[in-house]
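Pulled from TrEMBL:
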TRANSMEM  7-24  transmembrane segment
TRANSMEM  36-53  transmembrane segment
TRANSMEM  65-88  transmembrane segment
TRANSMEM  103-120  transmembrane segment
Amino acid sequence: MKILKAIAAGAFIWMLAVTSFTILENIPGFRESTTRQGIAVLLAMPCYAWLVASRYYRHVAQPNGLFVGLIASATALCLDALITVPFIEIPRGRSYDQFFTDPILWILVAENLTTIFLYWKFSVQKKRL
């Protein structure tokens with residue numbers, strides 16, 4: 001059950017990130033630069049991950065934050081491979097290779113993982129001590 005909730009957390013984070021990119025893509029100044037869009041989402045990602053982690057740990061026993069972060073990040077990457085790339089990126093002329101070698105993607109993954117781990121470390125594990 002914990003794994004299913006971690007998968008749901010990852011799907012929610014993915015949805016927030018895709019929604020952010022979609023909104024930014026329609027704002028002048030961001031429309032022209034995927035780098036600017038990525039930086040804006042990089043600034044928002046800790047808030048998304050913190051929100052999702054707080055919801056996750058409210059109703060679930062306290063599994064390790066690194067485990068939850070890995071599951072959530074892997075879920076988001078799978079959804080990128082199954083939905084984002086074929087339905088959004090390929091029609092725009094990008095490929096799987098271009099998408100998955102973009103450094104901003106991997107910074108977002110690391111940021112998501114780190115934020116969930118830090119939430120667990122300072123908000124969940126601290127309460128158990």
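Heads up, the Cβ atoms here are built off N, Cα and C, so glycines get one too.
Contact count against the transmembrane segment (7-24) (Cβ pairs under 8 Å) is highest for 65-88, out of 36-53, 65-88, 103-120. Proximity of distant same-chain residues to the transmembrane segment (36-53), defined by a Cβ-Cβ separation under 8 Å and at least 6 residues beyond the stretch ends, is recorded for 9, 12-13, 16-17, 20-21, 24-25, 29-30, 65, 68-69, 72, 102, 104, 107-108, 111-112, 115-116, 119-120, 123.
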